[in-house]
Every structure is written in C-alpha cells, then in structure tokens.
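Here the structure comes first, spelled out in structure tokens, and everything after it is commentary.
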Amino acid sequence: MVYAHNLGFPRIGIKREMKKTVEAYWRGEISQQQLQQQAIELQLTNWKIQAEAGVDLIPVGDFSWYDHVLDMAVRVGAIPSRFKALNSNITDTMFCMARGQAPNGIETSACEMTKWFDTNYHYIVPEFTTNQSFELHHDDLFKSTKLALENNYRAKPVILGPLSFLWLGKCKGESFNKLLLLEKLLPVYAEIFEQLSSLGVEWVQVDEPILVLDLPPEWQQAFLTTYQQLNFFNLKCLLATYFGSLDDNLSLTCQLPVDGLHIDYCRAPDQLDSVLSQLPAEKILSVGIIDGRNIWCNDLNRSLTLLENIQSSLGDRLWVAPSCSLLHVPIDLDQENKLDVELKSWFAFAKQKVAEAAFLTRGLREGRESIGAELKKNEEVIISRKTSKRIHNPNVEKKAASVTERLMRRQHEHSIRKNKQTAQLNLPLFPTTTIGSFPQTSQIRCLRRDYKQGKIDDALYEEKIRQEIAEVIGIQVKLGLDVLVHGELERNDMVEYFGELLDGIAITSNGWVQSYGSRCVKPPIIFGDVSRERPMTLRWIEYAQSLTTKSVKGMLTGPVTILAWSFVRDDQPRSQTAKQIALALRDEVQDLERSGVRVIQIDEPAFRECLPLRKAAWQDYLEWAVKCFRLASCGVKDETQIHTHMCYSEFNDIIEAIAALDADVITIESSRSEMEILKSFEKFAYPNDIGPGIYDIHSPRIPRVAEIEELAVRALQYIPIERLWINPDCGLKTRNWEETKEALSRMVDAAKHLRKAFSSEKTPTIDLELQPAST
C-alpha cells in the first residue's frame with residue numbers, strides 16, 4: 001500500500017514551548033523532571049497533528065532540546081573528555097557541550113557549531129580523537145519510541161546514519177582518517193537497532209544526507225562496506241537523502257542492503273528518471289514531493305500526475321513525503337490571523353504540508369475523485385498566485401535590467417581607499433568594534449511589542465528607542481571601543497526588520513523556525529518584486545552618530561543573507577531576487593553616506609551557506625552573489641569604509657570570492673575553531689582588513705584577557721598587524737548586559753596590551769608563543 005510519511009516535524013512547539021521551557025531550565029526555574037514532562041507533551045502534540053492529518057508512519061526521535069546531531073553524539077558516547085568529568089547528569093552534559101555552561105554553573109569551552117548543509121539551521125559539531133571510544137550512552141530514542149507505541153502511533157524512529165555522523169564531525173588534536181572509527185561505532189548502531197526491534201518497531205529511518213555531496217572514493221566505498229556490516233535486527237531500513245541529487249552516488253546507494261530509499265524531488269527533480277531506472281525491484285521509493293524548506297503550497301494536481309506516473313512503475317512500493325524534515329518551516333498556518341487573505345492562501349506550513357502528503361497519498365490509493373474538492377480548491381490557489389498583480393513591479397524590473405558592471409566597482413582599489421580611510425577615521429592599531437547588536441532586554445522586547453500592537457504611539461516609541469541608543473553609545477564610549485554601533489535595539493531580527501520595510505515581502509506573526517538551540521527566527525516571505533520606498537535605518541544611525549565623535553557604523557543586512565534567511569518566491573531565479581534586494585540596499589547605503597556616516601557594515605553571514613552542495617554549481621552562484629554584494633556596497637566614496645560579517649564559514653575553497661567582495665573590513669566567526677579558519681589565508685594573500693572573532697558570543701562563558709590575547713596572537717600568524725581588528729564572534733543580542741560589558745571590557749584590555757606589545761617602536765613583549773593554533 002502507498003504510504004504517507006514524514007521525515008521530521010518542528011520541535012519548538014506551536015507557541016515556542018520548547019524555547020521557553022529549556023531557557024527556564026537553564027535559569028534554574030524548573031526541574032529536570034519538569035523539562036522531561038514538557039518533552040513528552042510536545043512530542044505527543046506533534047504526533048497527534050501528523051496522525052490527524054493522515055500520516056501513516058510517524059517520525060520519532062526527531063525531537064531534541066538542542067540539536068539532533070548533538071543528541072546522536074551523546075547517544076553513542078562521543079562526549080569529549082573535558083565534559084565527562086564535569087557532569088554525571090547526561091542532560092546537563094549535553095547542554096554543557098552545546099553552550100559551554102551547564103545549568104549547575106559548570107563552565108568549559110563549548111563544542112563548535114556550524115551550519116547544517118546549506119540551511120539556516122546550526123548543529124553542534126561532534127569531536128573525535130584518535131583513541132575515540134563509543135558506547136550506548138542515552139536512552140532518549142527508546143523512551144520516545146515506547147511512548148509513541150503506547151499511544152498507538154505507528155512509529156518510525158529517525159536517526160542520523162553512521163557515515164553522515166562521522167563526516168559532520170571533526171578531528172580534535174591529531175588529524176586522522178575518521179573512517180577508522182567505524183569499527184568501534186557500528187556495534188553501537190547495532191545495539192540501537194536491536195533495542196528498537198525489541199520494542200516492536202517495523203521501520204527505521206536512517207538519514208544519510210551526505211550522499212548528495214561530492215564524496216571521496218573511500219567514503220563511497222565505506223557506504224558499501226558499512227551497510228553490508230550493519231545488523232538491523234529485522235528492522236526495515238528507509239535510507240533518507242535530502243537537500244540535493246544523488247548523482248554519482250546513485251549507483252552505490254541502490255546497491256546498499258536497505259529496504260527503501262527517500263529522495264528529495266523538490267531540490268533535484270532531474271534525478272527521478274535515473275533513480276527509477278536503477279532502483280532494485282524489491283525496494284520502496286519515498287518521493288519527497290512536498291517542499292520541506294519553503295512555505296508555498298504544493299501544486300497538488302501537478303504532483304498527483306507525477307506520482308501517478310511513478311505508481312504505474314512501482315505500484316505499492318511508492319511512498320509520499322516532504323522533501324526533508326519539516327524542521328525548516330513554521331508549524332501551523334492556522335496561527336496566522338494578520339496575514340493578507342490572498343497571500344495566506346498561497347502558503348503551507350508543517351501542519352499543512354503533512355496534510356498535502358496525505359491528500360496525495362489518498363489520491364493514489366483511492367483515485368483522484370476521492371480528493372476532488374481539495375484538488376479544485378488547490379487549483380484556484382495556484383491560479384491566484386500566478387495571476388496576482390501584487391507580484392510584479394515594472395519599475396523594479398526596469399531598474400534591475402539597467403544594472404551595469406560600473407555600478408559594481410569602487411572608485412579605487414583597497415590600498416588607496418585604506419590610506420584615505422586611515423586619515424579620516426584616525427583608528428589605533430588593533431581597532432576594536434562589535435558586530436552590531438547589543439543585548440535585547442525584556443523591556444526592549446516589550447517596548448517593540450507594545451508599539452506593534454498600537455499600545456504606544458510613534459512619538460513615545462521613538463523617545464524610548466533613542467534613550468536606549470544613547471545608553472548603548474555611552475556604554476561603548478566608557479568601555480573604550482573604537483568604532484561603535486547603535487545596538488540594533490529597534491530590530492527584532494536582522495532579516496525580519498528589513499522584511500517589514502521592503503515592498504514585496506510579507507511578515508508572519510508566528511512563523512517561527514529553529515536556528516540553533518533555543519534560538520528561533522521568523523523568516524520573512526519574499527512573494528514579489530522587492531523595492532525600498534523610504535530610508536530604513538537612517539534616523540536611528542544619524543541619532544546615534546550625533547551622540548559621539550567616534551564613528552558609528554551604519555548596519556545593514558546583505559542581499560544574499562536576506563535571500564537565504566527568508567522564504568523566497570520560486571517563480572524566478574534566486575539571483576534575480578537577490579539583485580532586487582541589492583538595489584534597495586544600495587539606495588540605503590548612499591543615504592547613510594550622504595548623512596555623514598563614515599563606516600557602513602553590510603552583513604553577509606549566509607554567504608557561504610548558500611553555496612551549492614555540489615562544486616559543479618559553485619561558480620554560477622559565487623558570480624551572482626559577489627555581484628549583488630558589490631551592487632549594494634560600491635556606490636560610495638573611497639573614504640567610506642565598508643565592513644561585512646560572515647558566520648561559520650570555511651573559507652579555503654571560496655577565498656577568492658570573499659576577496660572579490662572587496663569589503664574594506666571583513667569580520668568572521670573563528671573563536672570556537674581556535675582560529676583554525678584563518679588557515680585559509682596561509683596561501684592566499686587576503687588584501688583587506690580582517691577581524692577574526694576573538695571570543696564566542698554563543699556561550700555565556702566570559703573569556704579571560706589572556707585567552708583573547710592568545711587568539712589574537714594566533715591570528716597574527718595569518719594577518720598583518722596593521723590589518724587586524726579585534727571584535728567578538730557575532731552580534732551580542734542573545735547575551736545579557738552583565739556578560740556583555742565584562743567580556744567587552746576584557747576584549748578592550750586585550751587590545752591595549754597588544755598595542756603596547758606590538759607597537760612599531762619595540763619588539764613584541766607579550767608572553768605568548770607566536771605559532772599557529774593546534775588542530
């Protein structure tokens with residue numbers, strides 16, 4: 001029989017219950033027993049939503065208090081030694097690994113965090129050593145599975161596969177071949193399967209998303225040997241791939257001794273024919289035809305026609321599903337009461353997407369007439385979106401068509417610009433700055449909420465925000481920072497803020513998705529041509545600059561990041577949408593410069609995350625991404641200093657594109673990797689200034705001055721003294737004021753020590769070894 005199933009459901013809860021509960025636990029306001037009870041309630045709610053929608057096989061094990069990769073590391077006992085001695089409690093150990101701090105107050109350096117493939121979700125990077133051991137260490141998956149079965153759900157446990165788990169981890173200390181760990185790891189996977197089998201489970205979903213990457217031959221071979229060795233203890237295995245095409249990994253994937261294969265049709269429709277021709281006759285094919293990464297409702301008529309054709313070949317060996325876990329979309333469109341009615345009709349969130357999968361499955365089982373009403377209603381929605389006049393703006397399209405190469409070049413090269421900027425800004429050696437945002441207190445959030453709800457008027461809101469900006473400027477001046485920021489206190493999110501002010505973009509009220517841990521974001525929805533009617537940031541930056549003689553940065557989010565962190569229209573190339581955003585930002589940059597702002601930061605933390613997973617597609621993306629950044633940034637004089645910021649970026653393979661952005665200063669996240677990221681600059685002479693993140697803002701732990709100095713000295717192995725900036729890893733929005741002021745004070749002290757030690761008149765006197773960071 002054709003089944004409807006799902007690869008994973010959002011964890012955060014319809015009202016973000018997960019976030020509120022886990023943060024209360026971190027603050028010591030609730031017990032661990034209360035934490036676990038909330039986990040049970042959230043999972044039961046998620047399973048009920050899916051079952052009532054008509055999903056046949058319910059994913060179990062997709063819930064996590066922080067991250068599913070972290071959960072897998074803890075489950076198999078891959079707990080770094082620095083955490084083992086700190087906590088006997090496995091839940092607190094997990095939180096300590098993620099945050100560097102456990103609820104009991106114990107601190108140590110957190111595990112590294114990076115992006116999950118090309119999404120805006122972040123995972124905690126497993127750490128492996130040459131003497132790594134594994135053991136079954138956590139029974140969370142078994143408890144959840146048992147709970148689902150006891151509540152009469154047909155449970156399909158979900159786990160990250162062994163090859164993807166190793167690939168996503170990193171060697172700590174001495175480098176070695178991670179595949180050597182399989183011999184110790186596979187018996188633990190076998191234990192997991194044995195226990196799941198003993199519970200009465202029929203199917204298990206094993207996620208191996210790295211099969212859509214360019215894999216080295218030894219990793220391809222490892223798939224064959226690994227899955228031949230794995231003992232599933234009579235469980236049926238659905239091997240799940242997503243985010244791209246199997247391509248050269250298709251043949252080996254079809255050879256694996258598993259019972260079914262899931263493919264991402266939405267991201268890689270061209271692979272379908274090859275999959276159908278190579279799939280062994282006894283295997284299930286799960287077709288991910290509902291887009292798990294975007295919010296547009298499915299064209300059910302078109303999808304059903306495609307699935308009917310597949311069914312004619314596969315019969316009951318066809319399953320229907322979203323393309324990937326629904327972790328990446330909001331939970332329930334029914335919670336949106338303020339969206340324009342026509343716009344809302346075009347959308348589908350997680351609850352609606354599992355219903356779409358169930359509708360299609362029913363159509364395959366019982367015939368089109370069984371879902372005739374749904375098909376008719378859906379057809380009306382599809383036509384409405386295609387013909388709506390609100391999508392196209394002739395003025396925007398004309399402006400985009402008139403863009404020339406000249407608009408994407410600065411007046412002179414960086415060396416000339418730097419001399420002019422140095423004379424104007426009068427900055428010291430090792431200039432200090434922050435990335436942009438400052439702590440968002442409950443008072444600030446309440447102020448913005450009251451303003452949005454109409455409880456306070458424009459005048460009072462502006463007065464209050466100005467008071468907050470003045471306080472932030474005063475704190476920075478007192479701390480001794482060199483280039484200041486206004487704190488972004490008027491912004492709820494670095495992308496949503498601009499989404500609210502740009503035409504062609506809609507904002508939801510409850511469209512939250514998980515970014516990392518308890519951090520949730522509310523991506524804007526780009527539904528039409530994008531344009532700027534009026535200045536978006538000017539009044540706040542002008543006011544902040546009026547309070548100090550030091551430079552205050554204008555703060556903008558770049559075109560690629562706005563694109564990456566939004567749900568984007570799918571009726572034109574993403575590059576075209578990015579160009580429209582870049583033109584709107586260019587107008588804003590020029591307005592800021594005309595007002596006297598001398599430093600303007602255009603954040604592009606998502607620049608690398610948008611990179612296609614397959615290298616063959618890189619060049620096309622990098623060309624248009626670089627052009628869009630330059631289109632936004634190059635309309636200013638030489639004297640205006642352009643900054644950009646990037647997150648979690650491995651630069652080695654795209655360093656030339658980073659340089660091509662031609663930002664005067666780039667700040668990057670690097671502290672968790674202990675400056676390892678700067679190895680990119682060993683062979684490439686990056687010409688502009690760099691500010692490697694000198695302390696980790698994602699952890700509440702405050703670094704010692706000596707630690708900051710040590711990281712700066714490591715950075716000097718790759719960056720000339722006159723080009724090195726001192727700054728945190730990222731914005732400070734999620735930290736509290738006590739942590740922020742103390743950490744920045746230590747950062748400024750470290751910069752002063754460095755200036756003294758590395759002044760041009762004397763030999764460095766700082767008591768640190770000048771050698772590259774260990775890897």
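Cβ atoms are placed via backbone N, Cα and C, with glycine included.
Among Trp167, Trp203, Trp565, the residue that Swiss-Prot places alongside Arg16, Glu17, Met18, Lys19, Lys115, Arg519, Cys520, Glu609 at the 5-methyltetrahydropteroyltri-L-glutamate binding site is Trp565. When Swiss-Prot records Ile435, Gly436, Ser437, Glu488 as binding L-methionine, the matching candidate from Asp316, Asp591, Asp603, Asp620 it lists for that site is Asp603. When Swiss-Prot records His645, Cys647, Cys730 as binding Zn(2+), the matching candidate from Glu623, Glu669, Glu709 it lists for that site is Glu669. Long-range C-beta contacts of Met18 (5-methyltetrahydropteroyltri-L-glutamate binding site), restricted to its own chain and to partners at least six residues apart, with a cutoff below 8 Å, comprise Arg11, Ile12, Gln38, Leu42, Trp65, Ser518. Within 10 Å of the C-beta of Ile435 (L-homocysteine binding site) we count 26 further C-beta atoms, all protein chains included. Considering only the binding-site residues Lys115, Glu609, Cys647, Glu669, Asp603 (L-homocysteine binding site) has Cys647 as its nearest partner by CA-CA distance. Checking Cα-Cα distances from Ser437 (L-homocysteine binding site) against the recorded positions (Lys115, Glu609, His645, His698, Cys730) with a 10 Å cut-off leaves Cys730, in sequence order.
In terms of Cα distance, the binding-site residues that sit within 10 Å of Ile435 (L-homocysteine binding site) are His645, Cys730, chosen from Lys115, Cys520, Glu609, His645, Cys647, Cys730. Taking Cα separation as the measure, Lys115 (5-methyltetrahydropteroyltri-L-glutamate binding site) is nearest to Cys647 of the recorded positions Glu488, His645, Cys647, His698, Cys730. Shown are the recorded positions Arg16, Lys115, His645, His698; the one with the most C-beta atoms within 10 angstroms of its own C-beta is His645.
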